[in-house]
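Asks: Supplied in structure tokens, the structure appears directly below.
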């Protein structure tokens with residue numbers, strides 16, 4: 001009996017948790033079901049129910065003690081379960097918003113404009129007086145005299161739309177600026193700081209066209225990744241050291257012109273062929289240097305918009321060639337282009353001054369090279385001629401060897417006299433001393449040949465990617481082999497190449513070599529010590545920032561085989577070595593330039609400075625052209641449209 005009493009006492013004082021635990025455990029055992037607890041522990045065997053067993057007092061006591069212990073262990077997961085229920089009842093936290101990207105060029109325009117304003121007092125070239133004189137011509141003279149007036153040597157020699165642009169700017173010249181010397185027909189301009197401020201402001205305002213065109217290019221992106229690539233492309237152009245040096249220090253309006261150029265490129269991307277032809281026709285009527293890439297536009301618009309069959313079959317040419325042409329599209333495109341040219345040249349045709357106009361646009365009396373050799377094939381050719389002159393004069397017996405090779409008699413006195421006039425600056429014909437002379441017909445044939453070669457793949461495959469590749473090669477060919485090429489024309493190669501470099505990583509070395517050599521080749525335009533630090537620092541920062549940015553956004557190549565990786569690696573390392581070697585080259589030339597005023601011996605090497613820039617930069621331009629040409633013709637995967 002004592003044992004029963006003890007057992008009753010224990011039954012009177014159980015907690016609700018204990019009772020529920022015992023009942024739940026008995027129910028599970030009676031049903032023959034074993035379920036894991038919330039702590040993922042396997043349930044232990046429970047004693048049999050009261051209806052089927054009779055036990056002694058000690059066994060009941062042991063059973064009660066065991067169940068009490070189990071209830072304590074089960075009470076913990078139950079409290080966790082309540083906590084889980086409470087946590088579930090709380091509202092779920094809102095998902096974090098996705099990262100938002102700002103692809104607007106507004107901030108870039110504001111920051112760059114502030115920098116350009118600081119450059120107002122900087123050096124400006126004679127091009128500044130050229131445009132000042134054009135403002136005076138269009139403001140003070142009637143239209144029929146614009147291309148006849150020659151009070152100054154800086155006569156109007158740009159197409160009509162640019163003349164109309166100068167006339168528009170002249171209408172906004174304030175009276176105080178006009179009295180400062182801005183509007184005055186004189187042989188040489190005599191103007192003050194107010195004129196400088198006004199004309200530099202017109203460059204900044206006109207450059208808004210470039211920002212609008214590039215913002216449109218960014219907004220046409222189909223994916224976020226493409227938008228990132230296009231934003232890098234746009235920023236690399238608007239912050240270009242070339243535009244900063246040529247437009248905002250040296251003084252020109254290339255930013256506005258390349259903005260119109262980019263409008264035509266974006267229209268080609270969107271397959272808006274009529275607008276593409278419209279913008280390019282407008283561009284030619286602004287500056288005729290863009291005629292260098294006109295064959296590319298002609299073939300692209302002809303093959304992609306005006307012809308039917310793809311692919312072409314020779315049988316169609318013999319059966320019914322008229323079916324090849326989309327006559328409606330051809331008439332539309334021709335009407336648009338002819339209308340633009342009629343608006344531009346019509347007024348001058350009415351006054352009968354077209355012969356004088358075209359004589360200004362295409363002066364063929366200039367020499368092969370400029371006073372400063374542009375970094376092209378003819379810079380290397382001129383350098384070789386210079387080296388042969390020195391070897392002939394300094395090395396005994398070399399004179400006879402040269403006569404045997406070239407089958408020509410050379411007089412030492414004649415060599416010395418002619419070597420002093422290898423380049424004659426702006427006007428005059430260039431005569432080489434040792435090497436054969438180059439005629440304008442030679443440069444025309446070479447340029448035409450390499451352009452036609454790049455147009456053949458475009459005619460067969462008139463895609464946007466092929467168009468950009470052919471556009472770059474046409475500009476490259478005209479720069480490398482053209483007659484009297486200016487160093488500033490390298491921008492015509494860099495701009496279209498910037499749009500295609502992100503297509504494949506194999507194009508990145510071409511872009512790095514071309515941009516570095518091209519922008520450094522512009523350094524001689526700013527020969528003053530005040531601009532020395534700016535041009536070097538700005539170009540260096542740009543190269544580091546955008547070479548790395550393009551390395552991040554460029555798409556990976558699909559065709560680099562394992563067997564070719566070592567070759568690609570070697571070429572990439574050689575390219576980086578060439579780029580890094582610009583540091584000692586620029587420092588050495590800058591030292592000669594800055595110290596030439598203090599040491600007489602350094603004054604003898606003034607032409608050597610230009611020669612070093614021309615030759616070393618020409619190596620980069622030519623090597624990048626070779627590599628790009630190889631990829632254009634032999635790697636079709638680069639020029640396929642990608643999603």
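Using the three backbone atoms N, Cα and C, a Cβ is placed for every residue, glycine included.
For reference, TrEMBL lists these features for the protein:
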REGION    1-97  region 'Disordered'
COMPBIAS  1-12  compositional bias 'Basic residues'
COMPBIAS  13-33  compositional bias 'Polar residues'
COMPBIAS  34-70  compositional bias 'Low complexity'
COMPBIAS  71-96  compositional bias 'Basic residues'
TRANSMEM  103-123  transmembrane segment
TRANSMEM  197-218  transmembrane segment
TRANSMEM  230-251  transmembrane segment
TRANSMEM  289-310  transmembrane segment
TRANSMEM  330-353  transmembrane segment
TRANSMEM  442-460  transmembrane segment
TRANSMEM  466-486  transmembrane segment
TRANSMEM  532-553  transmembrane segment
TRANSMEM  574-592  transmembrane segment
TRANSMEM  612-634  transmembrane segment
Asks: For the transmembrane segment (612-634), which stretch among 197-218, 289-310, 466-486 has the most Cβ pairs under 8 A?
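Replies: Result: 466-486.
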Asks: Under 8 Å between C-beta atoms and at least six residues away from its ends: which parts of the chain pack against the transmembrane segment (103-123)?
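Replies: Those are 193, 196-197, 200, 203-204, 208, 211, 214-215, 218, 227, 231, 234-235, 238-239, 244, 248-250, 526, 528, 530-531, 534, in sequence order.
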Asks: Grab the same-chain neighbours of the transmembrane segment (574-592) for me: Cβ-Cβ under 8 Å, and only residues 6 or more beyond its ends, written as numbers and ranges.
Replies: 509, 512-513, 516-517, 520, 523, 532, 536, 543, 602, 605, 608-609, 612-613, 616, 619-620, 623
Asks: Are there at least 3 C-beta pairs under 8 angstroms linking the transmembrane segment (230-251) and the transmembrane segment (442-460), leaving out pairs fewer than 6 apart in sequence?
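Replies: No, the transmembrane segment (442-460) does not contact the transmembrane segment (230-251).
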Asks: Among 197-218, 230-251, 330-353, 466-486, point out the range having the most Cβ pairs under 8 angstroms from the transmembrane segment (289-310).
Replies: 466-486
Asks: State the non-local partners of the transmembrane segment (197-218) in its own chain: residues 6+ outside its ends, Cβ under 8 Å from one of its Cβ atoms.
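Replies: Contacts with the transmembrane segment (197-218): 103-105, 108-109, 113, 116-117, 119-120, 128, 131-132, 135, 165, 169, 173-174, 177, 182, 227, 230-231, 233-234, 237-238, 243, 247-248, 251-253, 255-256, 258-260, 262-263, 265-266, 269.
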Asks: Sequence-remote contacts (6 or more beyond its ends) of the transmembrane segment (330-353), Cβ cut-off under 8 Å?
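Replies: Apart from its flanks, the transmembrane segment (330-353) reaches 143-144, 147-148, 159-161, 273-274, 277-278, 281-282, 285, 301, 305-306.
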